[in-house]
């Protein structure tokens, strides 16, 4: 790795410049272990703002070359630079007039000579005791692919918000998704006025299925009524003529739509609640978020 880092030169800069200016996709191609590394690099590029895909050389030779467009860039990977299946398609790709970036360990190889830019791995020997199995070379190629991805991220000013758009599932998705991306809004938000009757309150809570309703005046939050509030009121022999303003909890905990959903979970766990009104600075209601909305997204 240290050897690779020390040898990153103007060719690396040229490759990054080509990739940054690419209007189409980045096509990764290679066979065997190099093909597996291609898939990983393509996945990393795609998830960090540079659309990319893997093209198997054998499939390319049997029609899949048609997947390559005139505004794409090709990265061809071969440790020896003499992989027959790869060399079979590179001249054809070159005839398309699109840039070809080679990643190889052999500067005098056929692949290097056919490419516009060559990135050398500078691997002296494999870690394999026989010196045969791709080990050091594949690890170095993977690191070089990550370096390319990171450099492009910086040039494109790729932010955590952008990353979240490509990772809606799993823990990463929850960490990076914003409340406004998950919250319920519009007609799905349970809202009553301060003068709303108990019967209408019960209907609003049950029909919206969130276990609570917001109490608003002129579109601004003044309180919240949960099914827990109703149960406690019934235990005290509730007056069925009571209105929302008499039942509500004033100044409930709220959250902004601009914060990460992870913050909503923290607030809910801290105060032992399951819903949070989503408001602007002036208490204007923009939505509501339930713990199940976030957890359901995490499970999916």
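Note that Cβ sites are derived from N, Cα and C of the backbone, with glycine treated the same way.
Copied from TrEMBL, the annotated features are:
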- 56: Zn(2+) binding site (BINDING)
- 15-158: domain 'SIS' (DOMAIN)
- 183-240: domain 'CBS' (DOMAIN)
- 248-300: domain 'CBS' (DOMAIN)
- 33: site 'Catalytically relevant' (SITE)
- 85: site 'Catalytically relevant' (SITE)
- 126: site 'Catalytically relevant' (SITE)
- 167: site 'Catalytically relevant' (SITE)
For a quick check of packing: other C-beta atoms within 10 Å of the C-beta of residue 33 (site 'Catalytically relevant'), how many? 16
Cα-Cα, residue 167 (site 'Catalytically relevant') versus residue 85 (site 'Catalytically relevant'), nearest Å, comes out at 34
Residue 167 (site 'Catalytically relevant') has how many other Cβ neighbours within 10 Å of its own Cβ? 16
Quick note, residue 85 (site 'Catalytically relevant'): same-chain residues at least 6 apart with CB under 8 Å of its CB -> 31, 57, 58, 61
Please count the residues of the domain 'SIS' (15-158) that DSSP assigns to helix (H, G, I), strand (E, B) and coil. 67 helix, 21 strand, 56 coil
Expressed to the nearest Å, what is the distance separating residue 56 (Zn(2+) binding site) and residue 33 (site 'Catalytically relevant') at their Cα atoms? 12
List the Cα distance (Å, whole number) between residue 33 (site 'Catalytically relevant') and residue 126 (site 'Catalytically relevant'). 13
